[in-house]
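A.B. asks: I'd like to ask some things about the structure below.
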Amino acid sequence: MENFFSILGGMGTMATESFVRLINHRTKATKDQEYLNYVLFNHATVPDRTAYILDRSEENPMPFLLDDIEKQNLLRPNFIVLTCNTAHYFFEELQAATDIPILHMPREAANELVRQHTTGRVAILGTEGSMKAGIYEREVKNLGFETVIPDTALQEKINYLIYHEIKESDYLNQELYYEILEEAVERLNCEKVILGCTELSLMHEFAEDNHYPVIDAQSILADRTIERALAERSEALDTASEK
């Protein structure tokens with residue numbers, strides 16, 4: 001297979017399924033051959049990223065992720081998509097292990113703030129691990145925006161939604177999701193809310209009320225993935241036609 005990308009997912013699996021669904025649904029295709037070529041690594045058994053970030057005595061996910069990168073190196077995709085937000089804690093080491101570009105989801109989401117002409121405060125919602133590591137905060141601040149991180153009470157609600165409701169129970173609790181967004185917008189006085197966790201992106205995909213000013217990082221990553229894949233396919237076709 002030529003002109004393909006690879007997806008490093010499985011963290012979690014349902015969120016990865018959501019990402020793949022976005023890729024397929026948003027690709028303008030009228031026949032099978034117009035869809036995108038990709039390989040999915042659904043590595044569901046990677047140790048919990050947040051657990052390790054919060055407590056270094058927990059199992060380190062890094063060796064598992066590096067092994068995945070090494071396997072993808074052998075396949076030689078055009079680029080790699082990392083669909084777990086918290087796994088971007090290890091991004092620099094992963095990118096250093098390959099000459100294949102890895103798309104940076106938090107950076108793409110931060111750039112979307114510029115595209116949407118954001119001027120106010122930006123709330124960042126995600127796992128406790130990604131909050132502690134500053135994965136999104138760093139990218140957003142680098143572009144000059146004021147960031148707002150959830151306080152303890154709000155973070156506990158986010159943790160409960162991500163881990164208990166979605167990951168453990170496979171339950172998309174819309175009422176709790178709206179409550180979290182309402183707090184971020186009204187109580188924390190934020191113009192935009194970044195969904196910096198793929199479980200929150202999964203929640204947003206199926207939410208019935210989407211009037212909140214959300215930047216869905218996974219959705220943005222899906223768009224950038226499609227754009228890059230189509231551009232590289234077009235370039236390959238142009239090169240082939242010149243021969």
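Using the three backbone atoms N, Cα and C, a Cβ is placed for every residue, glycine included.
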A.B. asks: Given that Swiss-Prot lists ASP48, ARG49, THR50, ASN85, THR86, ALA87 as binding substrate, which residue among LYS167, LYS192 does it place in the same site?
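C.D. replies: Only hit among LYS167, LYS192 in Swiss-Prot's substrate site, alongside ASP48, ARG49, THR50, ASN85, THR86, ALA87: LYS167.
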A.B. asks: Looking only at C-alpha atoms, tell me how far CYS197 (active site, proton donor/acceptor) is from ASN85 (substrate binding site), rounded to the nearest Å.
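C.D. replies: Pair distance, Cα basis, whole Å: 6 Å.
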A.B. asks: List nothing but the largest Cα to Cα distance in Å, as a whole number, among the residues ASP48, ARG49, THR50, ASN85, THR86, ALA87, LYS167 that the record says bind substrate.
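C.D. replies: Result: 16 Å between the two most distant Cα atoms.
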A.B. asks: Let's check the environment of ASN85 (substrate binding site): how many other CB atoms sit within 10 Å of its CB?
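C.D. replies: So the number of other Cβ atoms within 10 Å of ASN85 (substrate binding site) is 30.
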A.B. asks: With H, G and I counted as helix, E and B as strand and the rest as coil, say where DSSP puts ASP48 (substrate binding site).
C.D. replies: coil
A.B. asks: Name the residues of the same chain, 6+ apart in sequence, whose Cβ is under 8 Å from the Cβ of LYS167 (substrate binding site)?
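C.D. replies: Residues satisfying the criterion: GLY12, GLU199.
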